[in-house]
Amino acid sequence: MKYYAIIVAGGSGNRMQTETPKQFLLLKNLPVLMHTIKAFAQSDSQPKILLVLNKDQQGYWLRLCEEFNFRIPHQIIDGGTERFYSVKNAIETINEECFVAIHDAVRPLVSKELIDNCFKQAEQRGNVITAVQSSDSVRLLRDEKTSALIRSEIYLVQTPQTFSLNVLKEAYQQDFTSQFTDDASVVEAVGYEINIVEGERNNIKITYPIDLELAELLLKN
Ligand SMILES: Nc1ccn([C@@H]2O[C@H](COP(=O)(O)OP(=O)(O)OP(=O)(O)O)[C@@H](O)[C@H]2O)c(=O)n1
Ligand SMILES: C[C@](O)(CO)[C@H](O)COP(=O)(O)O
């Protein structure tokens, strides 16, 4: 079976509030995005890597690759205005039967073991997304009233999210809605059940400044 990894790095990082988009910030002296690509390149699955980048940032990325002597092969795809369109652009370039892991560039601590497990489980079950059970109590706020949810039923979703290419091609024909916050929600909307595999607690998404500080602490030397 062939494997692909779509690494989405087409965002502008508004919540991070740094001039340089967060995917290019240094984490232990290497841009965040390079850590992420390295994890996929080191996996046994050896996926073909598609990197989605905003057109305006592609030149900057190529200069970073020179500066850091970063030689892992990857194909650059133009980003879209929403994560949905960034993923869609990448899917449209793939034309062979395969399994595709979609991963946020800003989750640089993903392990190669988790990546390999996702490809293996997706082949067995059709699709698989990574998630961890909530360790906090959770409440729903609706119509100004809060109510407790059953914590053991709540999963916090991560990436990689891995699917067969055919399923992704079908799902990404849909029109975008703001409820599509990840790939699982897009695939579910065309009728597929989504399978969960245990994620990793340190597979954090760098969203706010504190997340970068946490990643520095969590990253093994
Ligand atoms: N149009 C977009 C928006 C997001 N992403 C990517 O999707 C991942 C998860 O998105 P998020 O953390 O929301 O990143 P940003 O959109 O950059 O952040 P913000 O929402 O704070 O602006 C990131 O790796 C981001 O680069 C993308 O490829 N294309
Ligand atoms: C895909 C994702 O990382 C799963 O948790 C998340 O939904 C991305 O959300 P964001 O608002 O685009 O950061």
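Using the three backbone atoms N, Cα and C, a Cβ is placed for every residue, glycine included.
Keep in mind the model is a prediction, meaning the values are calculated, not measured.
Here's what TrEMBL has on this protein:
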SITE      R15  site 'Transition state stabilizer'
SITE      K22  site 'Transition state stabilizer'
SITE      R151  site 'Positions MEP for the nucleophilic attack'
SITE      K205  site 'Positions MEP for the nucleophilic attack'
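Taking the features listed in TrEMBL, we show where each one sits on the structure.
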residue	record	Cβ neighbours (10 Å)
R15	site 'Transition state stabilizer'	12
K22	site 'Transition state stabilizer'	27
R151	site 'Positions MEP for the nucleophilic attack'	12
K205	site 'Positions MEP for the nucleophilic attack'	16
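Rounded to a whole number, the distance between the Cα atoms of K22 (site 'Transition state stabilizer') and R15 (site 'Transition state stabilizer') is 10 Å.
Mapped onto three states, the DSSP output places R151 (site 'Positions MEP for the nucleophilic attack') in helix. Cα to Cα, K205 (site 'Positions MEP for the nucleophilic attack') and K22 (site 'Transition state stabilizer') are separated by 11 Å.
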